[in-house]
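Report on one structure; see the data block that follows.
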Amino acid sequence: MMKKYHMGAFAFTIAALSTSLFTITAFAASADDWSKRSIYQLVTDRFALGNGSRPSCSTNEKKYCGGNWQGIISQLDYIQEMGFDAIWISPVVENVEGTPSSGDAYHGYWAQDITSLNAHFGNPDDLKNLSSALHERGMYLMVDVVVNHLVAIPTNPSGVWPETFNYSLLQPFGGSDSFHPQCFISDYSNQTNVEQCWLGDANIPLLDIDTENSTVVDIMYNWIKNIVSDYDIDGLRVDTVKHVRQDFWPDFALNAGVYTIGEVFIGNVSYVAPYTRGLDSVLDYPTYFAVYNAFNNGTSGNMSAIADVVTQAQYEYNHGTFYVGSFVENQDNPRLQSTVSDQSIVKNFITWPFINDGIPILYYGQEQGYQGGNDPANREALWLSGFSIDNKPLLTHVKSLNSARKQAISYNSSFLTTKASFIPQSSISTLAISKPPMLTLLSNGGNSSNATWNIPSSTGLYGGNKTLVDVLTCDTVTTGSDGSLNLTASNGLPKVLMPSEAFNGSGSLCTIGAESPSSLPVKSNGSFRTVVHAGVEILAAVMWASLIAFVPGTMLL
């Protein structure tokens, strides 16, 4: 029993103080905190093995290949050296087993028991150790979660609906009344059909959880609160958001208590926008489709369409596009290099997430030049790359982009809250994006391109004879006497320009990222996390402060 100290009418317990303190030191990361971050997304089963082995892994077989949470811990240096300060991992809960016709649930999206962890990835201590290892480095942990459905294999498959299932396996529910009646989605123009019928097929039916059932709702809200708390999670990526009623999400996000970003897999800004009022934000699929189409079709790709979509999203999304997840590849979409080999185009493409309003997300393997097409080909084993950092132009490119974004945040206190704007160009094959202090120039013509950009003095971006540094090459350019700028692409490569004074006056890229991530203070911006020994010191300080505040005349001895 915790000892109580009585001082006249005032009494308190050390337990209460310590509980209060660590509630503060583990304060949840907000959307504002996350906006300063850049995220490395990985498929847990395909990233790294804790024992250091590098087995063969055929994506076509759709089998578990052995990646686990200990493996992620072992390669955090690799991630952090690229400049990432957050990771997004696969769903962590127990998935269905024994699905030979459809492959294994190595991806984590076929949950069967959300009260248990996926043993293929590790045990509870392994997940806690991953969270701790990240926080010791000042990094955040984002976990993928699925709310819409669980998965069960028909007990006696007949191919004729309705099938029968062993609902006792579906925990913590265990009964058919926790799920919507059997029906596969047949009409995506009917939102009720989208929300209450099932995804999947007869081989792998995704049983749609009845989020109109108040008991089920309470279970889900308590579950998300507990899993975030138990594993000290900083943010959630939420799967299949559009398949759950919109008014479910605000209280889900409230119970989670951390940054929530939802997947609404559609290219329509107006359809996506309402979900930004229930969750903190969304993965910006509308912009993704515009970007992918612009770079996947050579010079016939319309770069100006990107500006149109972003401008609409800035207006319609709650909080604009400041909290969206900005990405160009992920586990559900083909890698650009499955169809495009021109490395100048690839570099332009990869540049996009780092220079616009959103939170940059890089899908693992992009930095290594992976070329997988549609699922499952785009879920390659990263260990087969050897985690090489030498002679990897795309990895160097990503590292420079991360460094530049951090420098922009440091130099301009309003960088994160300033909307990106687009400077009209004469060609649909070029794009000029201003987000001070960054000016980014993109094109889709490839390595033989002689694309040009014109930044007129009327934009008011720069004064005359201003020196700008291209953070990707360290080359400098100077504006005209009237502040205008006219540039031609070098081998079709992108340009990310910043004023020389943003680099402490040196005008050199070498000053960007001069401190390696490992040399930076162990701190999690906005979350008030500290390393253990610091936490103990703060605990002692708070206890003494409490004595002084509540007991007049108390003196430090």
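Yeah, the Cβs are placed from backbone N, Cα and C, and that goes for glycine too.
What TrEMBL says about a protein is an automatic prediction, not a curated fact.
Database features, via TrEMBL:
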- Asp239: active site, nucleophile (ACT_SITE)
- Asn148, Glu195, Asp208, His243: Ca(2+) 1 binding site (BINDING)
- Cys57-Cys65: disulfide bond (DISULFID)
- Cys183-Cys197: disulfide bond (DISULFID)
- Cys474-Cys510: disulfide bond (DISULFID)
- 41-405: domain 'Glycosyl hydrolase family 13 catalytic' (DOMAIN)
My understanding is the cutoff is Cβ-Cβ under 8 Å with a sequence separation of 6 or more in the same chain; which residues meet that for Asn148 (Ca(2+) 1 binding site)?
Leu199, Leu206, Asp208, Ile209, Asp239, Thr240, Val241, His243, Val244
In sequence order, what residues of the same chain, 6+ apart, have a Cβ less than 8 Å from the Cβ of Cys57 (disulfide bond)?
Arg46, Cys65, Gly66, Glu380, Ala381, Leu384
Sorted by position, what residues of the same chain at least six away from Glu195 (Ca(2+) 1 binding site) have a C-beta under 8 A from it?
Lys242, His243, Val244, Arg245
Among Asp208, Asp239 [recorded positions], residue with fewest other Cβ within 10 Å:
Asp239
Restricting to the same chain and to sequence separations of six or more, state which residues have a Cβ under 8 Å from that of Cys183 (disulfide bond).
Trp161, Asn193, Gln196, Cys197, Trp198
Counting other CB atoms within 10 Å of each candidate's CB, the least crowded of the recorded positions Cys65, Cys197, His243 is Cys197
What is the Cβ neighbour count of Cys474 (disulfide bond) at a 10 Å cut-off, with all protein chains included?
14
Cβ-centroid neighbours of Ca(2+) 1 site Asn148, Glu195, Asp208, His243, 8 Å, sequence order
His149, His180, Val194, Gln196, Cys197, Trp198, Leu199, Ile209, Thr211, Thr240, Val244
